[in-house]
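J.: Could you have a look at this structure, given as structure tokens, before my questions?
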Amino acid sequence: MQEIDGSYGEGGGQLLRTSVALAAITGQSVRVYNIRAKRSNPGLAPQHLTAVKAVAALCRARTEGMEVKSQEIIFRPGPLRGGEYDFPIGTAGSVTLVLQAALPVALACGEKVRMNISGGTDVRAAPPLDYFRYVLLPLVYSMGARAKIEVLLRGYYPRGGGKVVVDVEPCLPLRPVLLNASEGLEGITGFVHISNLPKHIIHRMANGALAELSTFPTPAVGLEVFGKDDAIGEGGAVLLTAHKEHSRLGASAVAERGVPAERLGAEAGRCLREEILSGATLDIHAADQVLIYLALASGVSCFLTRELSSHAATTIWLLEQFLPVRFQVTQEAHLIRVRAKPEFNGMSSFLWR
């Protein structure tokens, strides 16, 4: 049984989610203790509990310690199975953080998987669903994955209630991806959406983003606005995407009470501008989230990023505990090169259990 100290590195929920995902994929039992020990509210929150339950359902796992505020769980995976699953978070907890754990496992199931997830689609301290759909998923698609996400209803803090349907086809091992050279910018797209808020807010958010990008020598910026998204409660978000030949860079911001709409749009614009100017092939958030997929590929992958977050460093450590993969991180001028090298032949004997 793997023993994982949940306080290691960044010591947050991502370590827990990735631990149970890797346990399910590899068939290794795991005990995770000191869960979220570095947070002001340690232990399992509802969204963490739902993520673990989602992975447990996909592999018929036997579990212990599965309750809110629990700081230790034991996860004993069984056989991976496809089918249709319902994963209600019950709060405004993030849908994308549940997907962060469940999607890699669904790819390994050997059968089609449909996941009906309810919760928060656009909440702070988590990737907005549109970032997951339009920045991260295209990268995973390029590695051979096939998944489709449909938003039936958006959900915001504090009410949640968003509804998302995710269809996944099995496809492990993934193809490696080489994003090891800076590329020219082909264009910038994006969109802003709001629900149950005055229309002027959406235009102020869009104008804030455009103002940040207007002095940047890029191709034309195509920004769409949507003011009638079906949702539970009030909220909104902006997503900006820079398109390169083989990769995308993303930046986003989620509306919050008391923060001017222009400032939120400008925040996303500044972040995207910084990513573009750095010459990175993946933005700092994609660099964090793509690591598990690189570890499940059939060959060497690499990318360039402007910063390696504590989440990413912790995930690299964790992946090397579960999988025969080695990561190499090197500083190259103002960029960081990350290289993932799986050290097994084709994954078949290891993953298809």
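Just so it is clear, glycine is given a Cβ too, placed from its N, Cα and C backbone atoms.
Heads up, here are the entries from Swiss-Prot:
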- Gln100, His285, Ala286, Ala287, Asp288, Gln289: ATP binding site (BINDING)
- His311: active site, tele-AMP-histidine intermediate (ACT_SITE)
J.: DSSP on Gln100 (ATP binding site), three-state: which is it?
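T.: It is helical.
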J.: Just to verify a number: CA distance, Asp288 (ATP binding site) to the residue listed as 'active site, tele-AMP-histidine intermediate', in angstrom, no decimals.
T.: 6
J.: Taking the centroid of the Cβ atoms of Gln100, His285, Ala286, Ala287, Asp288, Gln289 as the ATP site, which other residues of that chain lie with their Cβ within 8 Å of it, listed in sequence order?
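T.: After dropping the recorded site residues, what remains is Pro127, Leu136, Leu282, Ile284, Val290, Leu291, His311, Ala312.
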J.: Distance check, please: Cα of His285 (ATP binding site) against Cα of His311 (active site, tele-AMP-histidine intermediate), rounded to an integer number of angstrom.
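T.: Cα to Cα, His285 (ATP binding site) and His311 (active site, tele-AMP-histidine intermediate) are separated by 9 Å.
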J.: Which residues in the same chain, at least 6 apart in sequence, have a Cβ under 8 Å from the Cβ of Gln289 (ATP binding site)?
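T.: Counting only residues 6 or more apart in sequence, the Cβ neighbours of Gln289 (ATP binding site) under 8 Å are Gln100, Pro127, Leu136.
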J.: Would you identify the secondary structure of Asp288 (ATP binding site) according to DSSP, in three states?
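T.: For Asp288 (ATP binding site) - judged by DSSP and reduced to three states - the answer is helix.
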J.: At its widest, how many Å does the recorded ATP site span between Cα atoms of Gln100, His285, Ala286, Ala287, Asp288, Gln289?
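T.: Result: 13 Å between the two most distant Cα atoms.
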J.: Within 10 angstroms of the C-beta of Asp288 (ATP binding site), what count of other C-beta atoms is obtained when all protein chains are considered?
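T.: Counting Cβ neighbours of Asp288 (ATP binding site) within 10 Å gives 25.
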J.: Using a 10 Å radius around its CB, how many other CB atoms surround Gln100 (ATP binding site)?
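T.: Around the Cβ of Gln100 (ATP binding site), 23 other Cβ atoms lie within 10 Å.
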